[in-house]
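The following features are taken from TrEMBL:
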- 23-287: domain 'NADH:quinone oxidoreductase/Mrp antiporter transmembrane' (DOMAIN)
- 59-80: transmembrane segment (TRANSMEM)
- 92-115: transmembrane segment (TRANSMEM)
- 152-170: transmembrane segment (TRANSMEM)
- 177-195: transmembrane segment (TRANSMEM)
- 201-221: transmembrane segment (TRANSMEM)
- 233-254: transmembrane segment (TRANSMEM)
- 274-293: transmembrane segment (TRANSMEM)
- 289-342: domain 'NADH dehydrogenase subunit 2 C-terminal' (DOMAIN)
- 325-346: transmembrane segment (TRANSMEM)
Amino acid sequence: MNPYILATLLLGLGLGTTITFASSHWFLAWMGLEINTLAIMPLMAQYHHPRAVEATLKYFLTQATAASTLLFATTTNAWLCGQWDIQHMTHPLPITLFTLALALKIGLAPLHIWLPEVLQGLDLGTGLILSTWQKLAPFALLLQIYPANSTLLIILGLTSTLIGGWGGLNQTQLRKILAYSSIAHLGWMILVLQFSPTLTLLTLLMYLTMTFSTFLVFKLNNATNINALATSWTKAPALTALTPLLLLSLGGLPPLSGFMPKWLILQELTKQDLALTATLAALTALLSLYFYLRLSYAMALTMFPNNLTGTTPWRLQSAQITFPLAFSILATLTLLPLTPTIVALLTS
């Protein structure tokens, strides 16, 4: 892609998210989300592969549906309450419609069907943007309206953690595994959104850091399935030794950093007399942990010759800049000791 066009599209992504962040009027927030959607679509279809074009079309249709539902919810709110301001959403009907529209936008279960298929059709770079940056603007709106429909949020959260863990069990494609991982993590964030928005922000920060590192590791190894991971030790032995820590951190295994937000969320749910919800969420986390263990085993605990039919790659120098990867892995592995400081900064 032409570098000027690429720079324009990336600036469009940044502009759309910034407009949504800064807006207090529903129409401006909707416009920011639409700019975001239109800016990422050429990036998704840039390789002109049939799967990429199909993924772009699926993404466009789902985002258009979510955007129209969002616009309908805001118009209904203006009709019922006489307000276009984001902070003045009090009627339960537009709040429910708005929550469902944003759930479709970010891929919460049971509105998640599009996410694994779309992510599977993209390259790892665009998949990274879709899994991280594209979640920021909808979450900013969810945090602003502070939805009071607790039953709906808990159902969405529990369904997402269950389907995110269950759906990834039988997958061999890394991008689909990361899509189901995204669904499960979003479920944890939604569970605690109404009780502790600060904790939701902390979980989102941890998810973005860990997912960023994971995508860069797979991109460096040029791996799109589990068999390709099995031969990654020939290209980057040190990275292969660190990656299981990163994957198990995504699964929430103590004493790694990914355990910290899950632990705090379970603690908050218990404080709110939702012990059954906390128990179900903890059990669904075991499903996610299984397929991360599977990836860790395939990557670091199998040596050649092994039973996996992976092709040993050439040991060529990678053109990818490794500083972002090194920085994000360092952040992922050291965020657990920094938890008290992060929580103090977010709550002050």
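Cβ from N, Cα, C; glycine included.
TrEMBL annotations: computationally assigned, not manually curated.
Note that the coordinates shown come from a computational prediction; the quantities given were computed from them, not determined experimentally.
Among 59-80, 92-115, 152-170, 325-346, 325-346 has the largest number of CB pairs under 8 A with the transmembrane segment (233-254).
Here the transmembrane segment (177-195) has Cβ contacts under 8 Å with residues 103, 106-109, 112, 115-116, 118-120, 127, 131, 135, 139, 142-143, 146-148, 150, 153-154, 156-165, 167-168, 171, 203-204, 207, 211, 214-215, 250, 261-262, 265, 268-269, 271-272, 277, 281, 284-285, 288, 291-292, 295 of the same chain, all six or more residues outside its ends.
In the predicted model, the domain 'NADH dehydrogenase subunit 2 C-terminal' (289-342) shows an average pLDDT of 73.
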